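Structure incoming, see below.
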């Protein structure tokens with residue numbers, strides 16, 4: 001398989017795109033369905049590397065999971081207390097979501113398990129989930145004083161793990177979700193408080209499976225459960241984090257007009273829409289509807305002139321994954337764009353702040369990297385360059401849009417886009433005039 005791809009300049013982007021299933025919701029739908037005892041059909045599941053890591057892990061824990069000829073995923077679990085001890089190590093691959101949410105499920109199980117991941121995941125910090133899960137009675141041991149995977153999880157010394165009241169130092173849906181999932185198996189309720197509200201797909205999925213969730217401000221509480229009541233079917237909305245590349249591409253590439261179909265517009269995820277509109281983007285939200293508990297719509301985007309803005313505070317958790325592509329938008333905007341409070345990006349698949357500054361810098365962009373963000377003065381002239389994806393899907397796709405909007409780019413290891421968007425480059429090719 002070719003490791004490089006060259007994106008050459010062409011005309012605008014036009015047409016309609018069916019956005020692939022939401023990665024976060026795909027992970028959770030498989031995990032929750034595997035903890036239920038009645039069959040669940042998952043439609044528009046994202047068959048990308050990260051989500052397939054979750055499928056593999058849940059199969060090793062005893063769930064029966066199969067894909068049918070229409071690409072639907074059929075899941076039959078053994079009930080909330082029906083997981084079995086895995087015979088082998090559970091490999092999360094590149095998926096932090098798989099690793100962290102599964103850790104929450106596993107600390108309440110009466111068996112031994114080991115979790116690991118690829119080289120990137122083995123370098124990402126685990127303390128943020130180990131701390132609260134240990135407070136609940138989880139028996140977790142791992143590399144470098146349990147700061148990194150591989151980790152082992154043993155049966156708790158308590159008859160049941162306990163619920164906790166936990167105030168999180170930073171907003172994180174993965175940490176919040178790990179605690180919520182662990183609480184299903186606990187002896188009492190848990191309350192988690194965040195500085196800002198992070199994405200709430202786990203809370204919505206819990207409610208879909210019959211668990212009562214209490215929300216107050218930035219706090220969320222649940223009680224233990226004896227069983228989950230599964231819906232017969234889950235329709236996964238299109239992923240707004242994948243749609244983000246087309247939202248920016250069609251905005252900054254002249255003579256573009258795209259319709260993005262079936263995009264999840266959960267309010268905890270729509271920071272990208274708020275910021276682009278504030279910058280002057282021409283985006284309309286049409287045909288709003290619900291897919292289960294999740295709000296979805298079709299997004300129509302046309303080329304527009306952008307102006308710089310400041311991105312910080314409570315909006316950061318609502319667009320954390322979109323900062324690489326928003327940085328590309330900033331390069332084509334008039335004036336200064338300041339991104340603050342995004343230090344979380346330093347411990348993603350790669351150090352995304354460093355990667356954005358370095359690789360767009362190769363294309364001629366002048367980007368000031370700060371400890372927790374970026375400063376970008378626009379507009380800037382971009383040149384053709386050879387760039388590296390750092391094996392980070394969001395960096396690879398952001399570089400592709402930057403190249404398509406300027407004089408082109410050659411991307412090394414572009415296939416990492418398969419982590420979240422397997423047909424990204426084919427789709428880009430099909431919508432360019």
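Including glycine, each Cβ sits where the backbone N, Cα and C put it.
Annotations in TrEMBL come from automatic prediction, not curation.
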Of 321, 334, 372, which does TrEMBL put in the 3-phosphoshikimate site with 23, 24, 28, 172, 174, 348?
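Among the candidates, TrEMBL records only 321 at this 3-phosphoshikimate site.
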Output, ordered by sequence, the same-chain residues six or more apart from residue 24 (3-phosphoshikimate binding site) with a CB under 8 Å from its CB, or 'none'.
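Spatial neighbours, sequence-distant, of residue 24 (3-phosphoshikimate binding site): 97, 173, 199, 201, 239.
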For 3-phosphoshikimate, with binders 23, 24, 28, 172, 174, 321, 348, what's the maximum Cα separation in whole Å?
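19 Å is the greatest Cα spacing among the residues binding 3-phosphoshikimate.
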If you count Cβ atoms within 10 Å of the Cβ of residue 321 (3-phosphoshikimate binding site), leaving out that atom itself, what do you get?
25
When the Cα of residue 172 (3-phosphoshikimate binding site) is compared with the Cα of each of the binding-site residues 23, 96, 124, 352, 394, which one is closest?
96
Does anything in the same chain, at least 6 positions from residue 174 (phosphoenolpyruvate binding site), have a Cβ under 8 Å from its Cβ, and if so what?
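Expected: 96, 97, 100, 101, 129.
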Which of the binding-site residues listed here (28, 321, 348) have a Cα atom within 10 Å of the Cα of residue 124 (phosphoenolpyruvate binding site)?
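Taking 28, 321, 348 one by one, the ones whose Cα falls within 10 Å of residue 124 (phosphoenolpyruvate binding site) are 348.
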